[in-house]
Amino acid sequence: MEPVDPRLEPWNHPGSQPKTACNNCYCKRCCYHCLYCFTKKGLGISYGRKKRSQRRRTPQSSKSHQDLIPEQPLSQQQGDQTGQKKQKEALESKTEADPCD
């Protein structure tokens, strides 16, 4: 074993770089070419930017599901205000009539 120059970075040591360049082949030999090829091709790990998958858009001719909901009249959404007033008046009259205290 030859002594290694201590001033060299570990990734520049002799024998640390493969003699051939990396390629896009996924055969067994190329998957074990170097550590980078093994993680990228062999294990399928890549740390690059991921492309956003676009959502499927509904065709122009089809209606959206929101169009199928019928609109409700405003009186049902807000509630019956007169019924609440009558209930309050009935409660007040009952409390006045009961001499429990």
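For all residues, glycine too, the Cβ spot is worked out from N, Cα and C.
The feature region 'Transactivation' is assigned by Swiss-Prot to 1-48. Annotation comment: Swiss-Prot describes 1-24 as region 'Interaction with human CREBBP'. What Swiss-Prot lists as region 'Disordered' is 1-20, 48-101. Residues or ranges marked as compositional bias 'Basic and acidic residues' by Swiss-Prot: 1-10, 86-101. Residues or ranges marked as site 'Essential for Tat translocation through the endosomal membrane' in Swiss-Prot: W11. The region 'Cysteine-rich' annotation in Swiss-Prot covers 22-37 and is backed by sequence analysis. The Zn(2+) 1 binding site annotation in Swiss-Prot covers C22, H33, C34, C37. Annotation comment: Swiss-Prot describes K28, K50, K51 as N6-acetyllysine. Swiss-Prot lists 38-48 with the feature region 'Core', giving sequence analysis as the kind of evidence. The feature region 'Interaction with the host capping enzyme RNGTT' is assigned by Swiss-Prot to 49-86.
Per-residue confidence over the region 'Interaction with human CREBBP' (1-24) averages 79 (mean pLDDT, predicted model). Long-range contacts of the region 'Core' (38-48) within its own chain (CB-CB distance under 8 A, at least 6 residues past either end) are made by residues 26, 30-32. Note: the Zn(2+) 1 site is recorded as C22, H33, C34, C37; in the same chain, P18, N23, C30, Y32, L35, Y36, F38, K41 also have Cβ atoms within 8 Å of that site's Cβ centroid. The recorded positions in question are K28, H33, K51, and the one with the fewest Cβ neighbours inside 10 Å is K51.
H33 (Zn(2+) 1 binding site) carries neither a helix nor a strand DSSP state and counts as coil.
Applying DSSP to the compositional bias 'Basic and acidic residues' (1-10) sorts its residues as follows: 1 helix, 0 strand, 9 coil. The separation of K28 (N6-acetyllysine) from C34 (Zn(2+) 1 binding site), Cα to Cα, is 12 Å. H33 (Zn(2+) 1 binding site) sits 24 Å from K50 (N6-acetyllysine), taking the Cα positions as reference.
K50 (N6-acetyllysine) sits 19 Å from C37 (Zn(2+) 1 binding site), taking the Cα positions as reference. Least crowded of the binding-site residues (C22, C34, C37), judged by neighbouring Cβ atoms within 10 Å of its own Cβ: C22.
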